[in-house]
Amino acid sequence: MEIFVQQLINGLTLGSIYGLIAIGYTMVFGIIGMVNFAHGDVFMVSAFIALICFLLVTTVMGITSIFLALAIVLVVAMVFTSLLNWAIERVAYRPLRGSFRLAPMISAIGMSIFLANFVQVTQGPRNKPIPPMITDVIVLMDNGSYQVTLAWKQVIIMVITAALLGGFWYLVQKTSLGRAQRACEQDRKMAALLGINVDHTISLTFVIGAALAAVAGTLYLMYYGVANFADGFVPGVKAFTAAVLGGIGSLPGAVLGGLLIGLIETFWSAYFSIEYKDVAAFSILAITLIFMPQGLLGRPEVEKV
Amino acid sequence: MATSPANGLPRWEADPILIVEHLFMRFGGLIAVNDLSFKVGRGDITALIGPNGAGKTTVFNCITGFYKPSEGRLILAHGRAPTPEEIAEVTRIGERSLVGREAGVFLLERMPDYLVSGGAKVARTFQNIRLFTGMTVLENLMVAQHNALMAASGYSLKGLFGLPGWTRAQKAATAKAEYWLDKVGLTDRADDPAGDLPYGAQRRLEIARAMCSEPILLCLDEPAAGLNPRESLELNTLLRAIRAEHGTSILLIEHDMSVVMEISDHVVVLDYGTKISDGTPEAVKNDPRVIAAYLGVDEDAVEEVEAELKLDTNPTGAGA
Amino acid sequence: MAVQTADTAPPAAANPVLGPAFKDALIVGLIALGLFGPLIGFETVIIDGALGLAYRPSLLAIMVGIIFFGRLLLNVTLWSPNRKPSTHTGPTLFDRAGTVMGPGVKPALLAFAVLFPAIAIFSLGGLNESRYLIDLGILILTYVMLGWGLNIVVGLAGLLDLGYVAFYAVGAYTYALLATSAPINDFFAGLFGATFWANWAFWICLPMAGIFAGVWGMILGFPVLRLRGDYLAIVTLAFGEIIRLVLINWVDFTNGGAGIASIPRATFFGIPFNAGPDGFAALFGLPFSPMHRIVFLYFVILALALLTAFVTVRLRRLPVGRAWEALREDEIACRSLGINTTTTKLSAFATGAMFGGFAGCFFAVRAGFVSPESFTFDVSAMILAIVVLGGMGSQIGVAVAAAVMMGGMEMLRNLGFLKQIFGNDFDPSLYRMLIFGFAMVAIMVWKPRGLVSTRDPTIFLKERKAVSGDLVKEGHG
Ligand SMILES: Nc1ncnc2c1ncn2[C@@H]1O[C@H](COP(=O)(O)OP(=O)(O)OP(=O)(O)O)[C@@H](O)[C@H]1O
Ligand SMILES: [Mg+2]
């Protein structure tokens, strides 16, 4: 029982991070119908930006308040990652819009390889650890031999995720940007004819996706305390799995899917085998796509003849 | 022409090739086809007409297996009209079809789309043309003969080694393609990509392609749409020739009344998924419900007209 | 990274060039500063066990400067508003080259491929000296074969497969496991002599590897082939990763990440390439040289690749091949013509997988060692990039693309001289994948349809006319 509760907490924490990344996949897929393979690596780059910023803030500027430092890091990472994703869309995807369907996908794969290796070349292949921060925990249960703890870190992650999702939900549902976005999803040509700046809307989608990925990257760095150039691909695929599981194109679905993937991964590791945890995630991806391609919250796609 | 002299019944009653019984198709809350029953006569040209959104294409999709009907039975008869016992027998045993030496009964609603075409021999065209645009005209016609050629190529084994049986089959298939190219006047363009053809030629090619699969029932979804008057006339000739020379029954959706009245033996009218009229072109033309549906008169007005004319609204009686 | 801003002025003769060009370059430079600032400007280094920062302002300045001046140069030359935009949209240079040289290209390339070892040996003056070139030839041909195999799936049938490496792995492990299996060895030792299995394993396992990979193709393909578009791509990617992870973790069976070593080498149809009295050299009266085996391997992979090409060309002209292409064009129309799309897709998937399996078997026998490391997603991406760069469906295009890509990758390996410029810490091989990724993006932006974009019809009545690439669809599955 105690182990179960502990895994639940850990799973939800991990799931929040996946959920944040998954939103980027879901939004981009919704609006231009492509799987942005590079998104996982954008997340990884954001973790490095956060790492560098954290080192600057703590060692060079000497800020000691961990919360202030975290806030600065968060904002900086969001800004630079957004710029990066904006540029990626501009350079690698926009020229290919409306062309051959495979071209943007190959381009995205190329971009993913480029980003991972760019970080490897500039920052080195080794794990970059930072000293653990915010180590306080709340003990929820204690049966003498096993303590169920809720770390402050985990609280922060969940709170930030929830707050961002709320704000983001508002943005997409209630503002004109959200409306433009949904219009472009439905019919890009028509939206353009009605005076929506499609390029602008798509750019903004990438920027928002990157900003959320940057939050995920920062939280990931804070939670695990390491960054590595190779840590983009697998979390990326898992977040994509989350997006698919929740129903691609659906924002609440992406978060729900993220939480589920996080839970499945932690429980699988705890109760079955940690070696096969990625196999479990990939299998879920395959099984969902095969048996439930519309996902949990997505709309079924009807084939009109 | 539509009446078989033997018993005075119209042919679609005496010798139906396709029997649609209580067909329903629902999309969520929308009922696109609502309890539709009609028959298609063997050797007839039957027209399915109705205003936009009436559910005509949906009926086609049900017949050709692209949609699984929500309810209903679709009986296709090879050779001769099936007896009620035969139909009951296939339905009971749960098979897709019951095929004898000179006759066969197919329950289309139980068959996947490719078997409706390959097994039951129902070919179709699409409202928005679906050609293999990146393949040449000739290749389009070769793909249509896939199943026959596949068997002849020994499922690729004979073909891989170029054995004579396969070469012969390939020659025969090319000859058949040439025959249909000639029929639709596209011989000169045989080696051009299908996507390069003008619209009218694409429509004809789609019909030729469907015919290359040797159907006994050809379903055409708005074949005259987008054709100019001359092309429209040529289409009439083509369809008549198909029926006369190949004995293929034709079921077509059409908005162009000149085509419908000119070539069809039997007309079924749909409105909001329900059949509102069924009979010979003359009978349907004068049916006030049809007029109302096409002119957009509301229900009350129709009833008024009906009352005035004291018309029998029993649809099957309309042909008499 | 050059970012093209959208507002290109109308081409009037007397446009001011320098001012706007400078402004644009400045903006781009600033963006570059933002992009590169964090990762190039700072380096995270581990000092005394703790993480610290090193600064690289000059490197950052150089990078941003290159981008700024590059952009400026382009703005006033190539992208100058005073230049007439090129309106050329006809067939590409490569397409035209193909038509001009026409039927001569294929035999010429074939002759070159056959004579390549001889050319290498004579031009480099000896067997041993040519080793590098022939090894490179083997590598390129392996990827040509993989490209051609995947081309059946992606180029002809229009099914996007991102897990092709799985079948390569299945082929390689089939050979590795069977060839090193002690029970099988003992079994044959009892029947035909102690060295039988070591000498014949490759030739017996080669067809088995292909068939086995093909069967795997069907097993994996069956559930996923009704998926469309990108979903299919993702599921195949997932399967590819699952297979690799299983190879890593199922240590009892595959020896895990350590891989399988000392796999029996290829033999000249049962005659081993060794210095012994029964060896190839002794039997043919040649002085022993390890290069005999390498040259022989070259011809084995050449034959395998040509087999792939031959079968593909033949299949394209059979109903099954036409059905693949028709499927790529319009799946619904296919079904309306009685084509069972599931079996048709499966046949494409299995055929492609089979050739991947052959190639995998060859890989194992050439390297003598297999491990999961060799079957990462990057390999799938590389093969897919070759197919797409070649122009989907074009055999010649794929072969040229494989040669360009693998040759290019190999050249990047040889940038050792750069050490003299950048100092000894500089490891050029690190930049291989970096440049490869960048090249993938650049090639797609430059030529989204690949080198050869026209399609060759499979049958004709009077005249064979190439189908323009704009009409050829790319498939949805
Ligand atoms: N796959 C589907 N999912 C949901 N609704 C559908 C689907 N196919 C058809 N419909 C709906 O069913 C109704 C009938 O459509 P259908 O295409 O059969 O009309 P139609 O008679 O062919 O019209 P038209 O003359 O314009 O071609 C329409 O309201 C349409 O929106
Ligand atoms: Mg319609």
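Each residue's number is its place along the chain shown, starting with 1.
Each Cβ is built from the backbone N, Cα and C atoms, and glycine gets one as well.
For A:12-35, A:42-60, A:66-88, A:100-119, A:151-172, A:193-223, A:243-267, A:279-297, the entry in TrEMBL reads transmembrane segment.
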Given a Cβ distance threshold of under 8 angstroms, which distant residues of the chain, six or more beyond its ends, lie next to the transmembrane segment (A:42-60)?
21, 24, 69, 72-74, 76-77, 80-81, 84-85, 88, 115-116, 119, 123, 128, 130, 210, 213-214, 216-218, 220-221, 227-232, 235-236, 239
Most Cβ pairs under 8 Å with the transmembrane segment (A:100-119), selected from A:12-35, A:66-88, A:151-172, A:193-223, A:243-267:
A:12-35
Looking only at residues six or more beyond either end of the transmembrane segment (A:151-172), which have a C-beta under 8 A from one in the stretch?
9-10, 12-13, 16-17, 19-20, 23, 70, 74, 133-138, 178, 181-182, 208, 212, 215, 219, 222-223, 251-252, 255
Of the listed stretches (A:12-35, A:193-223, A:243-267, A:279-297), which one yields the highest count of Cβ-Cβ distances below 8 Å with the transmembrane segment (A:66-88)?
A:193-223
Restricting to the same chain and to residues at least six past its boundaries, which positions have a Cβ under 8 Å from a Cβ of the transmembrane segment (A:193-223)?
13, 16-18, 20-21, 23-25, 27-28, 31-32, 36, 39, 42-51, 54, 70, 73-74, 77-78, 80-82, 84-86, 88-90, 94, 97, 130, 133-134, 153-154, 156-157, 160-161, 164, 168, 171, 177, 180-181, 183-184, 235
For the transmembrane segment (A:12-35), could you work out the same-chain residues 6 or more beyond its ends whose Cβ comes under 8 Å from its Cβ atoms?
42-43, 93, 97, 104-105, 108, 153-154, 157-158, 161, 164-165, 168, 181, 184-185, 201-202, 205-206, 208-210, 212-213, 215-216, 219-220, 223, 235-236, 238-240, 242-243, 246, 248-251, 253-263, 265-266
